[in-house]
Amino acid sequence: MSSVERVKDRATGLDKFVLREARGSSVEVYLYGGQVTFWKNNFSQQLLFISNKATFKPPKAIRGGIQICFPQLGNHGVLEQHGFARGRFWSVDESPPPFPVATSNCHVDLILKSSQEDLKIWPHSYEFRLRVALSPRGDLILTSRIKNISSDSKPFQFTFAYHTYFSVSDISEVRVEGLETLDYLDNLQSKNRCTEQGDAVVFESEVDKVYLSAPPKIVIIDHEKKRTFVLRKEGLPDVVVWNPWDKKAKAMPDFRDEEYKSMLCVGAAAIEKPITLKPGEEWIGKQEISAVPSSYSSGQLDPELIRRMHTI
């Protein structure tokens, strides 16, 4: 049977939820940041990257897992890096409204509301509902619902991302497919707009890009582990791809010098065209990720992966 349990983490003292499915997969979600930190498959292998130097001490964001970037990503705005949601304590949503599409029974609902502190730096009243769900076969589904609850007639705008740190064997052996020929904003070149030239995205140096109008399905192929992550998204047109590489890794206090080799951030986002909500309007953005065995030869995904991609 599946289970959802609230516990206090002994090492950090922070409250978290542990979701477990009958076949053995599990997810850990902290109330701090509404952040998923661990996602394990049926063999108890950790699929997300968490730095060994990650700080679980507010107000510092947790380095790794899946960070909720709201109401802005990076420096695409006037707020602090990646917005404030990842540095707030969320609450359990005791009475979430019905979801338009049914999700797994193994889930937790969290909510973040605008505080007086938030209103000083971002003067908009909102409700942010987050459902983290684990499917029976171990897929991880995050659904965000953001509503403008302002009493005036003013709309507000925001950008958003699921900043997802995947655990990989060796970044030089990883490729991302589904982004070829797309335009992207290169944050290493003052957000210059460029076009992806390769038949896949591969990694030989620092990368910090926002791919625009990406397809609803992206795959991250890890040759050495013979594992492929399949990322599906709804309501989020863009995709963020990031790896700090060696020089920047050494400058990050919550990141070990060599850890850039074993991680890659790929996450669904809405950045180029900010989301606008009038009072009473709600936006929904969903990211679903699965991990499947894969082989890679001459640029072809194996038949089993293709079958899974079309059925999940």
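Using the three backbone atoms N, Cα and C, a Cβ is placed for every residue, glycine included.
For Arg63 (substrate binding site), the same-chain residues that are 6 or more apart in sequence and have a Cβ closer than 8 Å to its Cβ are Ile50, Ser51, Lys53, Ala54, Thr55, Met252, Asp254, Phe255. Marked as substrate binding site by TrEMBL: Arg63, Gln81, Arg86.
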Taking the Cβ of Arg86 (substrate binding site) as the centre, count every other Cβ atom within 10 Å, in any protein chain shown.
23
